[in-house]
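*Asks:* Below is one structure. I have some questions about it.
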């Protein structure tokens, strides 16, 4: 059976194959792990700092867990090259030199990471430090001669058309050609050097970076504020299915251990970076003359299960499955090797509470084992849902084993039988509908007529093995009167009816626009939904109750320049039924093309998220999409609205 998760939560763009040609140098078969100086020491590293932190990787047992790349970020170089044109280090800060640094790291069993820039100067200038622009071939050879194992390659002072400013988030040309040049130069040095592309997500590098390097930054820098976690995850949503062996979406370095986040926040940060298959780069001061990492944060970084999710051989990123904006939580999930599944339920509220995972939201109906990683508990025989306490800003991180796909209910797990009556419990319904398809598998061939009673109050008789039944959104029971023993039942949700934006009327500033080849599946959308406007239509329903809506939206509010402050890359979108209370979604980014140079600038790329709406009546229903709450601090304009599938 096609999973309801596939039906409701994946846009056509995400279903299509998206692993682009990738560099094939044998590196980064799993996401790289290590330590970088920037998040704690900014652009002020020195030899003693790097060496002491590198030794701490070994002494604290982190190197044995895979943290091996040690990178000195900005602040290591000087303003001028040597007379022969080669790069050199700041001899005051690094008196032994970079070749000696590489030798020291290699003797510790670690890997030597260097940092460069595709512009005229390194980030962090002034004081000026020379970049690699127009010197790529020479610098690649120099890095190799020093014994470098990786290169983080930044994007400052790089836009010639605007006289090489420190930062330009809207350059006149793509950063791609500069990264192609360095990638080619590295390929010729005769030494494997892992290339980390760090151009901040400009020009949607997921489309081209995998052919050049082993990882690409998806967005602007993480900042030492909790809100940056939500912003980064929103940016990650359209990148997740590009990840794979040798090509990883980089969510930026970790702030775990820097005294910025609470312990639950650090667990959330580390969990999501891990399951999205981001490189795991420690940004904390592990050990120097003045400080050392606290034990609780160290235990987060050393959590072997979470590291195992990141380094899993299957190499598939988790993706966003559901988001409840008003309720303040969301669900991410992805497959692991060994037929396992990892699930993260994030509690965005700053209060502890119980949260429930409905397994069908991640494509499952049953788990033989549920391991709660941070809760340190193991539960067996999980049927349809799992509930646990989650700390404020914390995450319920689960490893599910021995799973059954959603919609399949084996009698030995879900049913109780007496004589010729079998009652199935924990039957999940995403929507209230009389159009669910029930298929019965008997233990032996049978053509008998059976009587079915559902908890919605329906009683029907069906001949053969299948029929249509009514279920209510939530948990249901089904009782079957029969003679032949039942092995299992399978329930398929209704496919529903799709309503394109073109059948909606608009008010205020809202307007219909066409999209060239984009805005799948209809080629148009409604944009400019401000708080004083909406899109409305009348939609028929065959039953009373709550209905699941799969909403097609577009958002490419990348918010590069505003991300340093309170800038948000989510967009508000609300839906109300029959003038009832609106259900609100803060939708993440959907753009999967360049925000600068593609025909639609990423605003033609459709994604899908689902919500459950109440207040439906039999017959015609007034359905309104808008931007309620936009006047209260959410985005001035809602996400663009493409269409909606109503499951009735």
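Cβ from N, Cα, C; glycine included.
On a predicted model such as this, the values are computed, not experimentally measured, just so you know.
Here Swiss-Prot flags 1-17 as signal peptide. Annotation comment: Swiss-Prot describes 84, 90, 339, 505, 572 as N-linked glycosylation site, evidence class sequence analysis. According to Swiss-Prot, the feature disulfide bond maps to 123-156, an assignment based on similarity to another entry. Per Swiss-Prot, the feature active site, nucleophile maps to 154; the stated evidence is similarity to another entry. Residues or ranges marked as substrate binding site in Swiss-Prot (evidence: similarity to another entry): 199, 200, 201, 202, 203. Swiss-Prot lists 221 with the feature active site, proton donor.
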*Asks:* Count the Cβ atoms, other than its own, that fall within 10 Å of the Cβ of residue 221 (active site, proton donor), considering every protein chain shown.
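*Replies:* Its Cβ has 16 other Cβ atoms within 10 Å.
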*Asks:* How long is the line from the C-alpha of residue 200 (substrate binding site) to the C-alpha of residue 221 (active site, proton donor), rounded to the nearest angstrom?
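*Replies:* With the alpha carbons as reference points, the distance is 7 Å.
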*Asks:* Can you tell me how many other Cβ atoms are located within 10 Å of the Cβ belonging to residue 84 (N-linked glycosylation site)?
*Replies:* 6
*Asks:* Tell me which of the recorded positions 199, 201, 202, 203, 221 ends up closest to residue 84 (N-linked glycosylation site) in space, Cα to Cα.
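*Replies:* Spatially nearest to residue 84 (N-linked glycosylation site) by Cα position is 199.
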*Asks:* Compute the mean position of the Cβ atoms of 199, 200, 201, 202, 203, which form the recorded substrate site, and then list in sequence order the other residues of that chain whose Cβ is within 8 Å of it.
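*Replies:* The surrounding set, listed in chain order, is 155, 169, 175, 204, 205, 217, 219, 560.
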*Asks:* Cα within 10 Å of residue 123 (disulfide bond): which of the recorded positions 154, 201, 221 qualify?
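*Replies:* For residue 123 (disulfide bond), the recorded positions whose Cα atoms are within 10 Å come to 154.
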*Asks:* Can you grab the distance from residue 199 (substrate binding site) over to residue 154 (active site, nucleophile)? Cα atoms, rounded to a whole Å.
*Replies:* 6
*Asks:* Counting distance between Cα atoms, which of the recorded positions 154, 156, 202, 221, 339 is nearest residue 505 (N-linked glycosylation site)?
*Replies:* 202
*Asks:* Distance between residue 201 (substrate binding site) and residue 90 (N-linked glycosylation site) at the Cα atoms, whole Å?
*Replies:* 30
*Asks:* Distance between residue 154 (active site, nucleophile) and residue 202 (substrate binding site) at the Cα atoms, whole Å?
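*Replies:* Given the Cα positions, residue 154 (active site, nucleophile) is 12 Å from residue 202 (substrate binding site).
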*Asks:* Counting across all protein chains shown, how many other Cβ atoms sit within 10 Å of the Cβ of residue 199 (substrate binding site)?
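*Replies:* Its Cβ has 22 other Cβ atoms within 10 Å.
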*Asks:* Could you list the residues of the same chain, at least six apart in sequence, whose Cβ is under 8 A from the Cβ of residue 202 (substrate binding site)?
*Replies:* 155, 169, 171, 174, 175, 560, 595, 596
